[in-house]
Amino acid sequence: MNALAISDLRKVYKNGFEALKGIDINVAEGDFFALLGPNGAGKSTAIGIISSLVNKTSGQVEVFGHDLDKDPEAVKSCIGLVPQEFNFNMWERIGEIVVNQAGFYGIPRKEAWRRAEASLKQLDLWDKRNQMSRTLSGGMKRRLMIARALVHRPKLLILDEPTAGVDIEIRRSMWAFMSELNAQGTTIILTTHYLEEAESLCRNIAIINQGRIVENTRMDQLLRQLHTETFVLNLRDPLADLPGLDGFQLKRLDEQRIEVAINSDQSINHLFEQLTNKGVGITSMRNKQNRLEQLFINMLENSRNGAAQ
Amino acid sequence: MTRYSRYWTAFLTIFTKELLRFTRIWLQTILPPAITTTLYYIIFGNLIGSRIGEMDGFSYIDFIVPGLILMAVITNSYSNVVSSFFSSKYQHHVEELIISPVPNWIILAGYVAGGVSRGVLVGVTVTAVSLFFTDIQVQSYGWTLMVFVLTAILFSLAGFINAVYANSFDDITIVPTFILTPLTYLGGVFYSINMLPEFWQQVSLANPILYMVNAFRYGLLGVSDISMVAALGIVVLFILALTTFSLMLLSRGIGIKT
Ligand SMILES: Nc1ncnc2c1ncn2[C@@H]1O[C@H](COP(=O)(O)OP(=O)(O)OP(=O)(O)O)[C@@H](O)[C@H]1O
Ligand SMILES: [Mg+2]
């Protein structure tokens, strides 16, 4: 069964803006799914519709086989939502926020406190349970929203940029946490602007741009589509003039760094051979961009050119 | 967890939250109406009232007691729901409710129960103050309490609707200032409508607050300008209409969903 099945979903906002122009997305049960796209692409709009915060204009949404129009309560019971913007009461205590959310799902208070303790401890917030939520730092507020979303043990967890503004150490622990949840069977949908995050966590991916899905595939297949990778080479000695190479275009970044694009049918050995022959020593090299990032940018350019024609 | 035990827990959660919200700030919610009413009694009851003489066979202070108490019930139940629901929209935590599997009627019931609790609590406080300043004998406790509760329900609903439409803090003061207060003052709190010319008597009959004030006056004093059955019927009718309207607003997500 699909955890999520969306078909021909459209959203026209009251001001007439068409944020979703008929999208289809399927997320299999147990998947770790990335929903990517530039600012304003329509990610949060789609998530808003799935979680009942936004009224759809047309189309169908099914969550674990429950139709959003016919049985919204069943749909809501399956979903845990971590929204992009903070949406808790700033004058409410952290513990109460989580316990009350459980209460809205029908979990009696005693059990709700047991669960709140578990999820707040997992997210390292239990010690702050009696503090007002406004006293938390930005990263802690994000974690509070995760704890709140988990308290009714949802089968489908939707995270809208959960790691925005979170420091690298905590981001790493959140990645481990999400992977663990997914390994235990929770289906996860993640949006993020950190593409390496999506690349390392997610198995399937949809890219949305200007209200349309421009790509929907397996992550490994997508990465295989990358025809050109750009590398930055650090040179041992300063280089005055760029050597002419056979089949490779070099670009000089500064005295001791050059950039080179390598197609998938070329070999790096061939590049190094030529450089060695010309007496250019290389001390290290790195990918100029994360691979998904490069694909992503190509794709957006293509879809923009397509739209322009 | 059956469906209805789930609903019950959700209702209790909303209701308890509302109850704690206004009792924690009792200095701003319960105390002020007690002080205002005391001032009314001193000024209109003792200082000015003694020169007015009798109204419908009661001393002026005794005559205005029911209206003053009811005014406190009205403003408190209204402002409790309007400010609580509006701030949950403003801070977006209303989303916590919308994403949860809580039916709209439970959400409405939770907020209204909160408003009714504050209305009744303030009503009882103000009644206690009144009994201290006057020598009223309550004619019917059952009737009195019933009017308390019905009035509080009606104005909690009205406050809810106001909050749904409100986009700013100004919007939640406009209705109380320009509609609620005039209706209350013209609802026969300070006078018997028999004193009005025929035309204005008829106009007054379109004011729902008139029926409540009179129903309540009947409970406390045993007199009323209008028939009790009509008063009760009209209040219940208003409650049904506003409930239907509120549920419609919620199901369409007006003012809440985009
Ligand atoms: N309430 C609204 N009324 C009108 N337009 C809206 C509304 N909410 C969003 N939009 C528009 O819809 C488009 C999609 O917005 P959305 O929030 O879904 O983007 P997003 O993909 O989540 O972007 P980001 O990465 O910046 O969060 C944007 O152009 C936005 O301006
Ligand atoms: Mg967004």
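Glycine residues also receive a Cβ, built from the backbone N, Cα and C atoms like all the rest.
Over in TrEMBL, the protein carries these features:
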DOMAIN    B:24-253  domain 'ABC transmembrane type-2'
TRANSMEM  B:25-48  transmembrane segment
TRANSMEM  B:60-79  transmembrane segment
TRANSMEM  B:105-133  transmembrane segment
TRANSMEM  B:145-166  transmembrane segment
TRANSMEM  B:172-191  transmembrane segment
TRANSMEM  B:226-250  transmembrane segment
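Beyond the ends of the transmembrane segment (B:172-191), by six or more residues, the same chain brings 44, 55, 64, 67-68, 70-71, 74-75, 78-79, 82-83, 86, 155, 158, 162-163, 166, 204, 207-210, 212-214, 225 to within a C-beta distance below 8 angstroms of the stretch. Same-chain residues lying 6 or more positions outside the transmembrane segment (B:25-48) and placing a CB less than 8 Å from one of its CB atoms are 60-61, 64, 68-69, 72, 75-76, 80, 118, 121-122, 125-126, 129-130, 133-134, 190. Under 8 Å from some Cβ of the transmembrane segment (B:105-133) lie the Cβ atoms of residues 7, 10-11, 13-15, 17-19, 21-22, 29-30, 33-34, 37-38, 41-42, 45, 61, 65, 68-70, 72-74, 76-78, 80-81, 84-85, 97, 144-145, 148-149, 151-153, 155-157, 159-160, 243, 246-247, 250, all in the same chain and six or more residues away from its ends.
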